[in-house]
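Engineer: TrEMBL lists 3-271 with the feature domain 'G-protein coupled receptors family 2 profile 2'. Per TrEMBL, transmembrane segment is recorded for 6-27, 39-58, 70-89, 121-143, 172-193, 213-231, 251-268.
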């Protein structure tokens, strides 16, 4: 239990931060306007599920495998929603595959197209992880006794070879491949957006607000990279090692569980959120007077 104090502390902070995002979303009507705020809400919901999974897995008295599945589901859902967030930004500011193209279409038309895809996004982001979760669920049922490395997700030397293979495949499908693709995709898209804005001198005035928004949105993939790097490296490392140290696992999960809290800070740093909170405080102070 003492080895999990850092994980429990960071996961608790993340859970509080993610609940703040949800409360602000439903409390302020203006923060519900538009597809991007809803994507951030969906991303937060996935993060809450993941955080509950990490938190529950840290208590020996609770069902380790059940909360481990929560962690896998929430993590994969968060990665998919993070990718959709970057995709939406790409569509909004028309960063085409052709690097020489800087066409700027009517944002309202693009938003309408994205809104029509919202239901498909939800089905894909919440449904696909549920479908893929059948694999670790079967693994958990076959190897019903947990090992010493947190809920059937890391091998120990005495594990059967077949179990090691199944766990390695599980890690590749449910984390290593998705997070690697997301990081490559998001950083390449944001880099191309940066070049379009920089090179297109004729539309510098149009892109002033775009620059500000991109800087704020850029925080989300940067936070994702920082919080998931250690965990991803450890997952890759575990493919080639018979055992991972408990201290290293605790550090990786502590970074991973801090993801939601830092996302909350990124959300609160957005101009629209700060402006809405400030205006609400001012109106309440005027009413008190």
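Cβ atoms here come from the backbone N, Cα and C positions, even for glycine.
In TrEMBL, annotation is done automatically, which means it is predicted and not curated.
As the structure is a computational prediction, the values presented were derived from the model and not from experiment.
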Engineer: So which of 6-27, 39-58, 70-89, 172-193, 213-231 has the most C-beta pairs under 8 Å when paired with the transmembrane segment (121-143)?
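Structural biologist: That would be 70-89.
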Engineer: Which listed range (6-27, 39-58, 70-89, 213-231) shows the maximal number of Cβ pairs under 8 Å with respect to the transmembrane segment (251-268)?
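Structural biologist: Highest pair count goes to 6-27.
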Engineer: Short question: which residues 6 or more past the ends of the transmembrane segment (6-27) have a Cβ under 8 Å from it?
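Structural biologist: Answer is 37, 40-41, 44-45, 47-48, 51-52, 54-55, 58, 250-251, 253-255, 257-265, 267-268, 273, 277.
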Engineer: Across the whole of the domain 'G-protein coupled receptors family 2 profile 2' (3-271), what does the mean pLDDT come to? Round it, please.
Structural biologist: 79
Engineer: How about long-range neighbours of the transmembrane segment (70-89): same chain, 6 or more residues beyond its ends, C-beta under 8 Å?
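Structural biologist: Those are 35-36, 39-40, 42-43, 45-54, 56-57, 114, 121, 124-126, 128-130, 132-133, 136, 151, 174-175, 178-179, 181-182, 185-186, 189-190, 193, 214, 217, 220-221, 224, 256, 259, in sequence order.
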